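Encoded as structure tokens, the structure appears first; notes follow it.
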Amino acid sequence: MGENEDEKQTQAGQLFENFVQASTCKGTLQAFNILTRQLDLDPLDHRNFYSKLKSKVTTWKAKALWYKLDKRGSHKEYKRGRSCMNTKCLIIGGGPCGLRTAIELAYLGAKVVVVEKRDTFSRNNVLHLWPFTIHDLRGLGAKKFYGKFCAGSIDHISIRQLQLILFKVALILGVEIHVNVEFVKVLEPPEDQENQKIGWRAEFLPVDHSLSEFEFDVIIGADGRRNTLEGFRRKEFRGKLAIAITANFINRNSTAEAKVEEISGVAFIFNQKFFQDLKKETGIDLENIVYYKDCTHYFVMTAKRQSLLDKGVIINDYTDTETLLRAENVNQDNLLSYAREAADFATNYQLPSLDFAMNHYGQPDVAMFDFTSMYASENAALVRERQSHLLLVALVGDSLLEPFWPMGTGCARGFLAAFDTAWMVKSWDQGTSPLELLAERESLYRLLPQTTPENINKNFEQYTLDPATRYPNLNSNNIKPNQVKHLYITKELHQYPLERLGSVRRSVGLSRRESDVRPSKLLTWCQQQTEGYQHVNVTDLTTSWRSGLALCAIIHRFRPDLINFDSLNEDHAVENNQLAFDVAEREFGIAPVITGKEMASAQEPDKLSMVMYLSKFYELFRGTPLRPVDSWRKNYEENADLGLAKSSIPHHYLNLTFPRKRTPRVDSRTEENDMNKRRRKGFNNLHEPSAFSSQSLGSNQEGIKEGGNQNKVKSMASQLLAKFEESSRNPSILRQEHRVSGIGKPILRSSSDPPVNSRCPKPEEPTPSPSPPLKRQFPSVVVTGHVLRELKQVSAGGECPARPWRARAKSDLQLGGPENLASLPPTCPGALALSGVLRRLQQVEEKVLQKRAQNLANREFHKKNIKEKAAHLASMFGHGDFPQNKLLSKSLSHTHPPSSPSCLPSPDSAATSSPSTVDSVSPARKLTVGKVSSGIGAAAEVLVNLYLNDHRPKTQATSPDLESVRKTFPLNVGGSDTCYFCKKRVYVMERLSAEGRFFHRECFRCSVCATTLHLATYAFDVDEGKFFCKPHFIHCKTNSQQRKRRAELKQQKEEEGMWKEQEAARRDPPSESSCAAAAIATPEGSPPDEPTSPKKPKSIPEPEPGDVAGGAASPLPSEWTAVRISPGEDVVGQDVLAVRVLVTSDDSSSDAELDRGDSEASSVEPFDERPQQPELQLPPLLKPFTRHSSLREALPRAVSPHDLGEPEAEPALQRANSFQCPTPSEYQSGRRFQSNFMPVNSKMTVSPPKQACPPPPSPSPPSSSSIGDLNALDSPSLPQVTVSNTASQISRGHCSPSTPIFLRRAKAHGPPKDLPLRLPRGQVLERTEYCLVRPGGNGLQSSRPPSPTEMASDGCQEAVAPPRDIRSIHRGPHPVEGKDRCLPDHPLSPWAGEEPGEGSTRPRRVEDGGLELAEEKSGLKKLVLTPEQKTWLLDWNDSNLENLYLETGARLSQKSTRNGSGGHVLKPVHPLLLPLAEKETLPAQRQSQEKMGAPAERAPGERSMAPPKSPLRLIANAIRRSLEPLLPNSDSGRKAWAKPESKTLPTSPPHAYTCSFSFRKSSSSKDSDQPSPKRDVASKASAFFSLGSPTARTAQPSAPSPPAPALCTHSLPSRSSKVFPALVPPPCGKMEDVPTLLEKVSLQETVPDASRVPKKRTSLFSSFRLKDKSFESSLQESGPRKDSQDLFSSPKGKVQPMGNAQPPEKQGQPISSTCLGQRVHPVSPEKDASPTHVPIRAQGTGTVSSTSSSTTSSADEEFHPQPSSRSKERKALRRRRKLEKATKQLVKQEELKRLHKAQAIQRQLEEVEEQQRAFEIQGVRLEKALRGEAADSGTQDEAQLLQEWLKLVLEKNKLMRYESELLIM
């Protein structure tokens, strides 16, 4: 036996020796296989293979190797092979770096597989080894495998030998190596993970290789410089041309060969004579040569191009290196002789024979290649996630960082990268989060290119995997996790545009080239980019940029779509510069550091400012030029194709600089192009020479000079206009330009027509545009008014783009007095607007002249030009105009009556609304109105408003073109070097700019709370020139505007009266002030109260209807509308809605609808027609309007003509109603907040407001101001929109009552008559919802209705006797659609009569969310939100979306009406108001109804908001769903509910009330048009509402009332019609008539226990409030248990089996507390379930519990199937309590997470601020030195200072990007 053992050991030792000595790849594998077979080892058992091999091979040689390998493996990082036992790694490439990585991973215990596509190691190239590399290889036993390894002074090794050493070590350590296997690509885990849980795999060639089934967690690319794994971008480092030749000659190892000296890689430096002699003797000119002796004689030489050409190696000379060195251009024989000759000379002809070694292709091993450019990957690693499987992807070796061959960096840095990668895998296995992992890896990777043998640790013994042992000055937190988010790639990325963009943005500071920017380099780059542009000659960084053309050229070069360069005029420096500044700021986030005016006026623009500014363009664009795709913003409109465009600009991280830069552009580009074409046409072919010179200029000089002047003026006007258009790229403006002004191709054509009038084609003339925009076709009278007014008020001509109009403008004016004007066709307003532009130009030039005159340095040059311009303009306008102009500019700067809420999108208007001063208004109006004031129509009013508000002349401090709607730079602002706040000097480095103001960072504070502001998060009040933090903006704005305007109200009212009189004859309602009355609508996307500052239009895909009625004019209001409801002489039934809606829609609305609207619009007739309309006929105009207001209706509107009419009417009515407010300027107050008033709009159900309340500035200032504020927050929760009074109140801060027209008329005419059948569904009811229905009565309700005065005093809005037969309103037998809620004498429901400021808002939109929503809303109002939550909601666009959506969803759900038997509407008595006390607790809520009714009690600060969707909802949902199947009678119940409800109420005392609730699916059919993200938000919002609002709120008398029969109808959305097939059809007679029914389910419930209601209700409220509060924190009040009881069950409640639902007559029992309570519970869970059903709250009727999608009711049944069984109730109660507890905890956790995130971001912001401060201090010091202001400035080198300063600038730019990323988070 002993002999056998010895033999085995001897044999093992021999086999192992064979393995160690193997000299080829194949030989090594063969020896290894024999060894493992003989020793009975399993190489696949990687964990035990090495230990078993070690135990079986015990020879002394082997032991020496084991010792070395064990020593290496004893490092603590490896944990004896247990660090990465769960990790499987695939390494692509068997080169030195791939194998070195495999060895490290094997030491860590990972399963490692290496694939190598070759089976030979034939690379003879010799590597220079750094000392640490030699030490490392020795530690792996290199000397044991290759005895000559680094013998003596040798510090190099051939790649082949190195590969063999590492190959053998890897095999010994259990690495699985496959040769002749080629990696193709990574395969993602399949989607079907349930059946087969397959992770990441790879595709290989051959396809059937066993590795195809191998799943791995880590993949490492080590396959050379030409290959990188997908997802890594590469950067190129270019040097001067370098052509290398490598040659390998056979080494026969003779004595002669051994004597030859090697030549090191630094020969060139020390031996110049050698190269000179070589050239002289052989003609070979080399830059360098290296000779290493190894297995071959290895030569590497760097040859000069000319030498290669001279020797015939390169056949033809080409500038392109690739072409130069391609095989066809190289003579191979000459190359071989060239290499041999050089080698001979280099070795002094001592090598006896120079025979070429053969490469792996069997050819002489000589190669010539270009290493002019080297590549490096931008990132070292990334993480992919698919189907919950994570994959770590990394690069090592040349794939990661290509080396510079003479320095030996390839192997050295390759090994360092291998260690770093193994360290990362170790962290990965230990569960480090992906972002932290990537951040650390990137931090290390930044160090890698900087490593040299000198700057790494010299103590090689200490080297381990831990990077700290290798890099002396390691900062592994250099890169922050948030900077590497783009390296964490998930499938869902494309759904999140922000993340998507982040992913294509280079991480801040990862570029290692930023430090090499020098002023000279910057100049060169600028010269390259501006080459070929006319009039652009960049010779320096100062004077060359004065004209502004160079800046425009750079922008045009990369984004030609942004600037029409051809239209720019070299003489208009101010305009050009400002245009460039504005475009750069808006599109790229590059804030200006100087104004356009300063640029032009300075003899030499400030060099430092220019260097700083241009460096930002350089950083942004220095990569490959951007494709001229439309800006990334389109991504937000879900234009998927642009995703590609985005990824094509990977490094331009400025793209996202501030969220506010993202404005939806929709399809503006085509329009823009059209306009540019038009502009060019007008410019190049001045079509109307005679007309222009005679009429336009008002002088008959026909000379050439005059022609030149014409050109000049036209070009000036056109540029001004162009800039205006370009910078106000707002889509709706474009639409207005095209449609309102009637500008379009037709007009261009007509420009050549001789007659003056032909230029303004009449409406009936066919227009070429496919669908004549209805906006173009205003009745002529209207236009006349518009024209007249506009003459004085237009500024900047935002509405009149086409150039030919400039020519016509004057001629049109010269048509004469009002008589002619009155006869002008509708399109003339464009011309007149242009005249305004020209005048404005003149003013601008005058001011510029004055300013420039002060500048001595420029006086000589500029004065002359300006005089010319001024003189020319003067001659053009005639001196007669001057006084008016002056007056105009004065009055306009103060004047601007309100514009309709969503009036004009110009961000400027939205952002800026100056206080209107009435006195100035009057003169202007007097000047303009003149004789035709009586001819002014609604459209004119709107337009006037638009012009007053949105195009009023900007105070001049910037260029005239600054009318670019971007910002106004007031004259008093000071220069760019003066701080706007502290008035001290602000140096370039410390200069920030916003709204055209320049200031210090530390001075940029909220003027209320002095909080430091950031450029991405501030609000600006243009009127006062103050900056605010977003939360304070609304309050300040509202209050200040109230103060300012109180004095004006009277005069404005008088004016309005005057206008009303003028228009009374035409039946046009009061003034357009009412237009504006629509409360402030904001851009849906913007955070609720974020100011819509011009810079911050949010990129919201589509402004929604909400905008209009909503409230603040949004910066992007999609439409502006004027609705006039004539006060009416006609009876209720007649012309109820004689409304005209003037709409300018923007592209964001669906085109289909637009077209439909347009075609309908053509039929619109002048307003005075149809004095009496028996039916409510909505002018087709309304269609587009509805398009917005009910754009999101769930079902297509086109279902039937009726449908078309209806929706149109509704919004119109709403708007009309809201527009009734007399005080025009009030809206302005809200103009700025991006409150979510928008929701208000969509279906502003105009609730009957108090008829006669005068508009007091604010009934209760606190409530008004806060209400506005609150509204902003919770409009989402109020889809009921604040309309009529509320609308005005809330938005404007004071309530100006207005009654729905039909109500008003009804009042006027006594008992109402039947309403026309076509009244919009929901509209009337919405207004009448608060009305009581007395089953048998005919007139008004018997109980005494409060008089208007009383109402006013109550602050409650009440329904004025509405028309009787409400059923007719529902156009169909099914009252289901209606919305009336009948209330008992005592105010019943919260919304019944809420304080004007708030309550009204609820009812209005009842239709929207249905009562439920409404009620919820009211309930929500009671929600007490913590400040953090408020801010949270404010800050995230989500909340807006939620509002929006909520609102839309609500809007969608048309309330179903249940009318009592008589169907007569009774007037409610004292509608109740819910107090909104901010911290009201349970007891407070239980207060008597009287208290609830107190209008003033509503706490100003309180507004409910939609909290973010939290997991608790989801859980609740799931629970709820799980209960559904268990419910016994759900089917029968459903059927019961489904059956049509009785149309009459059971006869009962007047206080019987009906409640109808309907919650519509937010994501209904029409929603599909909307972007899905919004839908989600909608669901969130709706879910939240449902959760938060007590159901019982709905119709409970606030004071105990005697039990009364009540019919509660509950319309709940069904999750899908499939679920309740029975529910849908029966109630609706005609499906088409009630599209919403398709999405709604109407359920009837009776309420048995009315007596309990009041009590229940208060507890419900409190519980809800508590519940919501718990959303914020958790129930803090003492009664949670009790509440939860109320909420989730009421033991006493008796629910009758559904099947037994009693007929309505029998249902007159008191409401059972059960129902109320029950309903509530379901709400929470269900609401989360899906966007569709928001609702549920139970209006429980004893018989049935209504459920949306059966969940609620079924749940109720489940919990109380047998009212008698208390035990079941208890169980249910316990369950609910448990659920409630769990939800509370979840909510808390959610809150904590948000808090932590906020704190982390805050900390990072503070750090950034500190760093910026440090940079600023240093920058100011340098700037002073550069400007000669420092004491020692003369002694310092300016170039060096400038270089240093520029470096600081770049660093600061990085910080600012980082800061903006943080703010975006």
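Even glycines carry a Cβ here, placed using N, Cα and C.
For reference, Swiss-Prot has these:
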BINDING   CYS97, GLU116, LYS117, ARG118, ARG123, ASN124, ASN125, PHE183, TYR298, ASP398  FAD binding site
DOMAIN    516-619  domain 'Calponin-homology (CH)'
MOD_RES   SER631  phosphoserine
REGION    660-710  region 'Disordered'
COMPBIAS  664-676  compositional bias 'Basic and acidic residues'
COMPBIAS  691-710  compositional bias 'Polar residues'
REGION    726-777  region 'Disordered'
REGION    888-922  region 'Disordered'
BINDING   CYS1006, CYS1009, CYS1029, HIS1032  Zn(2+) 2 binding site
REGION    1040-1115  region 'Disordered'
COMPBIAS  1048-1070  compositional bias 'Basic and acidic residues'
REGION    1144-1298  region 'Disordered'
COMPBIAS  1215-1245  compositional bias 'Polar residues'
COMPBIAS  1251-1262  compositional bias 'Pro residues'
COMPBIAS  1277-1298  compositional bias 'Polar residues'
REGION    1299-1338  region 'Interaction with MAPK1'
REGION    1334-1409  region 'Disordered'
COMPBIAS  1364-1384  compositional bias 'Basic and acidic residues'
REGION    1478-1612  region 'Disordered'
COMPBIAS  1532-1542  compositional bias 'Basic and acidic residues'
COMPBIAS  1564-1578  compositional bias 'Basic and acidic residues'
COMPBIAS  1589-1598  compositional bias 'Low complexity'
REGION    1669-1782  region 'Disordered'
COMPBIAS  1740-1754  compositional bias 'Low complexity'
COMPBIAS  1768-1779  compositional bias 'Basic residues'
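The least crowded of the binding-site residues LYS117, ARG123, judged by other CB atoms within 10 A of its own CB, is LYS117.
Around TYR298 (FAD binding site), the same-chain residues six or more apart in sequence whose CB sits under 8 Å from its CB are ASN124, ASN125, VAL126, SER158, THR246, ALA247, ASN248, VAL290, TYR291, TYR292, listed in sequence order.
Mapped onto DSSP classes, the domain 'Calponin-homology (CH)' (516-619) shows 64 helix, 0 strand, 40 coil.
Ranking the binding-site residues CYS1009, CYS1029, HIS1032 by the distance of their Cα atoms from the Cα of ARG123 (FAD binding site) places CYS1029 first.
Around the Cβ of HIS1032 (Zn(2+) 2 binding site), the number of neighbouring Cβ atoms within 10 Å comes to 18. Counting residue by residue with DSSP, the compositional bias 'Basic residues' (1768-1779) contains 12 helix, 0 strand, 0 coil.
Counting only the Cα atoms, the space from CYS1029 (Zn(2+) 2 binding site) to LYS117 (FAD binding site) is about 61 angstrom.
Most other Cβ atoms within 10 A: among the binding-site residues CYS1009, CYS1029, that distinction falls to CYS1029. A 10 Å cutoff on Cβ-Cβ distances gives ASN125 (FAD binding site) a total of 18 other Cβ atoms nearby, all chains included. Among the binding-site residues CYS1006, CYS1009, HIS1032, not one has a Cα within 10 Å of the Cα of LYS117 (FAD binding site).
On a Cα basis, CYS97 (FAD binding site) lies 56 Å away from CYS1006 (Zn(2+) 2 binding site). Spanning the residues CYS97, GLU116, LYS117, ARG118, ARG123, ASN124, ASN125, PHE183, TYR298, ASP398 that the record associates with binding FAD, the maximal Cα-Cα distance equals 31 Å. The separation of CYS97 (FAD binding site) from CYS1009 (Zn(2+) 2 binding site), Cα to Cα, is 59 Å. Packing around CYS1006 (Zn(2+) 2 binding site) is summarised by its Cβ count: 20 other Cβ atoms lie within 10 angstroms of its Cβ, all protein chains included. CYS97 (FAD binding site) and HIS1032 (Zn(2+) 2 binding site) are 59 Å apart (CA-CA, integer value). According to DSSP, CYS97 (FAD binding site) is assigned to a helical segment. TYR298 (FAD binding site) carries a strand DSSP state (E or B).
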